[in-house]
Each structure stands twice: as C-alpha cells, then as structure tokens.
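Structure, as structure tokens:
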C-alpha cells in the first residue's frame with residue numbers, strides 16, 4: 001500500500017507541466033478528494049436547489065468568494081484546529097436543513113454560505129505548502145467550489161421540476177444521510193481531541 | 001503508522017486497490033487513515049448483523065404499508081435519530097441492553113407490519129426513533145479499527161442503513177395489490193420471528 005502511494009505520487013509529479021499548474025490542481029483536488037468538504041458543499045447545493053435557481057444562484061458568488069477569503073486567512077493565521085469542527089458541523093447543519101426542506105430567507109442562506117465558505121476555505125488554505133503559489137492554489141479551490149456547488153444546485157433544481165412525487169423526498173433523504181454522517185463524525189472528532 | 005495495520009478480512013485486496021486510487025492528497029485531511037478500509041468496515045457493519053438488517057427492512061416495509069406521509073417521514077428521520085444514537089456510542093455514554101433493544105425492535109416492527117397497525121404518524125415516529133437510538137448506538141460504539149478513516153466509516157454505515165430502508169420500501173410497494181398485502185404481512189411475521197430468535201440468547205444469558 002505504502003509502495004503504491006509512493007508510486008502514485010511519482011506519477012503525479014511526472015504529469016506536472018509547470019509548478020503553477022501543480023498549484024492549480026492541488027487547489028482543485030484538495031477539497032474534491034476529501035468527503036468533509038464535498039459532503040457539505042453538495043448539501044449546500046441541494047439546499048440552494050430546493051430554494052430554486054432564482055434565490056440560490058447568488059451562492060455561486062458568495063460561497064467561492066468566502067472560500068478564497070478563508071484560504072487567505074489561513075496564510076495569515078495558520079493552525080486553527082477547531083475550524084475542522086465547524087466544517088464537519090456544516091455537513092450536519094446543511095444536511096439537516098435539506099432534510100427539513102427549509103425555505104430559507106435569502107439573507108440567512110447567504111450568511112451561512114459566507115461563514116462556512118470561510119471555514120472550508122481556511123481548512124484548504126492550510127494545505128498550501130511553500131512550493132505552491134497561493135493565488136493559483138486559491139483559483140483551483142474556487143473552481144472546485146463552483147463545480148460542486150453549481151452542479152448539485154442545478155441538478156437539484158432540475159430534478160425538483162420533474163413530475164415524480166418521490167424526487168423531492170429523495171433529495172430530503174440525501175440531506176438526512178449527509179447530516180447523519182456529519183453528526184457522527186462531529187462526535188468522533190470531539191472524542192478524538 | 002497509517003497503513004501498516006492489515007484489514008483482517010477478504011476485502012483486503014479490494015480495499016488496497018481502492019486505496020491506491022485515492023490520491024495521496026486525501027491523506028492530508030482531518031480524519032486521517034485508511035479511507036477504503038473505513039468505508040468497507042462501515043458499510044458491512046449494519047449488513048453483516050442480521051438483527052440490524054431485518055429491523056431496517058421492517059422500517060421500510062412499515063413505512064410503505066402506512067403510505068404517505070410515513071413512507072418518507074420514516075426514512076428521512078431515521079438516519080438523523082440513529083446518528084444521535086451513534087453519538088451516544090461514540091462519546092461512550094452508557095446505554096444498557098442495546099442488543100436486547102435491537103432484537104425487540106425487530107419483533108415490534110415485524111408485528112406492526114404483520115398486524116398492519118396504523119398508529120398516528122407521531123406515534124410511529126416515536127417508536128421508530130426509539131429503536132433508531134439503539135441501532136445507532138450499536139454502530140457508533142463499534143470498535144473502529146485504528147487505521148480506519150472515521151468519515152469513511154460513518155458514510156459507509158449511513159449508506160448501508162439507508163439502502164436497507166429503501167430496500168424495505170421498494171419491497172413494501174407490493175402492498176397495493178391484495179396478494180402483496182398478504183405477502184407483506186407474512187414477511188412481517190418472519191421478521192418478528194427473527195427478532196425472537198435473536199432475543200432468546202440474551203434472555204437465557206441474563
């Protein structure tokens with residue numbers, strides 16, 4: 001296993017055409033390869049999709065921008081361990097709101113996206129190593145956030161316009177699964193500290 | 001330290017293969033450890049315990065039998081309540097008689113399906129929620145291998161449990177036909193019998 005990981009790391013280096021492309025992909029992949037970032041982003045996308053595209057689309061601006069801000073903060077003030085608890089807590093919160101099919105006031109929805117966008121950005125920004133360009137890494141990070149949030153929001157909004165009555169329920173069930181994972185891992189992390 | 005503990009079962013090769021596909025970047029995250037192994041452990045925990053399986057399927061069967069809104073309220077709320085039960089297990093809160101509670105849940109839910117009991121939604125929700133705590137506690141307090149990724153473990157067991165509900169609901173859809181109604185109630189009796197079978201050793205041992 002260790003051997004395999006070493007090999008895959010070497011392969012990854014061989015692909016990198018320039019250090020800056022490396023930073024972009026590092027920023028892109030860092031949140032995408034971690035369920036603790038993907039699950040809350042998908043849940044936020046589901047929540048936004050439930051509100052409809054008109055109300056939800058502003059999140060495509062707010063959340064990635066908050067992530068860029070959070071990542072920049074990580075460069076200034078690294079090593080805040082409790083941010084991970086906020087991040088996994090956001091899976092429980094967003095998932096729970098999806099399960100409840102919460103009709104969110106826009107201001108509150110954007111405030112939540114701002115707060116947790118910053119916490120997710122911070123955790124990812126903490127992974128910027130000295131050999132990576134922070135700006136390029138953050139561009140990759142923002143791209144990842146846009147992709148995950150955009151696809152889950154647009155996909156949900158599309159599904160909810162279709163006829164079958166079980167589709168809105170399937171979305172709520174997905175939210176409750178994400179929330180359940182968030183609650184459990186929150187507990188495991190609290191115990192682990 | 002992360003990778004040197006073998007996964008002592010037949011999934012080892014699969015888990016190793018899957019682990020190789022996970023970029024090394026992922027290891028830099030919180031909840032470090034063996035992602036594939038953790039996921040498989042979480043996935044198989046509810047499925048390998050037949051007492052869990054029959055009770056979870058019974059939740060789906062009963063939901064389908066009760067029809068809307070129970071058919072969706074139960075599978076939406078169950079994972080959430082189960083997660084709180086899991087939280088109790090994770091935090092080491094003492095909850096006595098968990099195994100008995102799980103066996104009793106299979107008996108009770110099986111009987112509900114057999115007798116086609118139709119309580120008000122809140123009562124059905126309370127009953128299922130009570131049992132969800134026992135089931136979640138059993139998984140959450142489970143011995144998580146040191147090497148396993150906690151998040152992957154939680155995802156595995158939530159997906160496994162949820163899929164068992166969905167299975168029960170889909171089977172329960174036969175309730176719309178008269179023969180299906182009878183088959184469903186027979187199935188409920190079989191689940192109650194399984195629960196009784198699991199309960200006997202605990203009563204004999206007590």
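Cβ coordinates come from backbone N, Cα and C, glycine included.
Features as listed in TrEMBL:
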TRANSMEM  B:43-64  transmembrane segment
TRANSMEM  B:71-91  transmembrane segment
TRANSMEM  B:97-116  transmembrane segment
TRANSMEM  B:121-138  transmembrane segment
TRANSMEM  B:150-174  transmembrane segment
TRANSMEM  B:186-204  transmembrane segment
Per Cβ pairs under 8 Å, the stretch of B:97-116, B:121-138, B:186-204 packing most closely against the transmembrane segment (B:71-91): B:121-138
Top Cβ-contact partner of the transmembrane segment (B:43-64) among B:97-116, B:121-138, B:150-174, B:186-204 (pairs under 8 Å): B:150-174
